[in-house]
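Heads up: the structure comes next, in structure tokens.
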Amino acid sequence: MNPLRLLLLGAPGSGKGTQTSKLLNQFKHIKSVSSGDLLRRRIQQKTELGRIASEYISQGKLLPDSLMNDLVVGELSVRGWLSADSSFLLDGFPRTLEQARSLRVQLTPHNASLNLVVELDVPTDVILERIENRYVHVPSGRVYNLTYNPPKVPGKDDVTGEPLIKRPDDTSEVFGKRLKNYAETVEPLKQFYSELGILKTVSGPTSDIIFPQLLKLVVQKLHQP
Ligand code: G5P
Ligand code: MG
């Protein structure tokens, strides 16, 4: 089996976290890093980076590229994933051209470059409906929706029983800014990965329609001769 180093691209609320959970359930050897989850954990732990992140996130602004690069590459390094045979899934990073370029420069010497980038293409009106009903468990990054995948006990994480929260950046004002940021930054990013020949797009109004398309791409990559 080939290694899989996958980036999920997609607008806020398009289902990157949801598809990540579905893939990790299916492939036990694959692990993931979500840049947003890393930041939310730093905020909860009240670290200096958490204080900075909170300022940006609450305004729907992207954090500086260099800071995000150090954070995520540092995480990959600590987890021992900077090697040619490692498989991992990235959610939320890189999300600017600059981040994509610098990640590539850092992964190439380890023969650990990304080999698949999948854009989740979901209509914006569908996304807006979902976000009102989103609740998250910050320590794990598990995500719920009151209609699509509600927690077994209202307000509690299914695995730990710990409280769920609403993200402070899920208000309609901040969410609108996040969608705008995405629209402004995604095209050069897609161009970059398209030129490397690894960009694919999957489309649909629900995660259950998107997942089989994503799964097919992942299986192809794992078994490509
Ligand atoms: P994040 O954390 O990376 P976003 O904005 O990219 O945040 P988000 O909001 O986490 O993405 P998602 O992961 O794509 O969305 O979506 P999801 O949580 O899986 O699904 C959304 C909701 O829909 C959930 O409630 C889910 O249950 C529900 N759902 C899923 N599928 C369906 C369905 O089929 N039907 C229904 N009804 N519901 C469904 O970034 C946050 C902030 O951190 C900073 C920035 O400030 C950013 O704004 N940041 C960075 N800054 C700079 N560079 C980076 N690389 C950064 N990364 C993070
Ligand atoms: Mg997410």
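FYI, residue positions are counted from 1 along the chain as it appears here.
Cβ from N, Cα, C; glycine included.
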Which of Arg79, Arg178 belongs with Ser35, Arg40, Lys61, Leu62, Leu63, Gly92, Phe93, Pro94, Arg95, Gln99, Arg167 in the AMP site listed by TrEMBL: Arg178
For Gly13 (GTP binding site), the one of Ser35, Lys61, Phe93, Arg95, Arg167 that lies nearest, given that the binding-site residues are compared by Cα: Arg167
Mapped DSSP class for Arg134 (GTP binding site), helix or strand or coil: strand
Binding-site residues (Lys61, Arg134), the one with most neighbouring Cβ atoms at 10 Å: Arg134
Greatest inter-residue Cα distance in Å for the AMP-binding set Ser35, Arg40, Lys61, Leu62, Leu63, Gly92, Phe93, Pro94, Arg95, Gln99, Arg167, Arg178: 24
Distance [Cα-Cα, Å, rounded] between Lys61 (AMP binding site) and Tyr144 (GTP binding site): 24
Separation of alpha carbons, Arg95 (AMP binding site) and Tyr144 (GTP binding site) (Å): 23
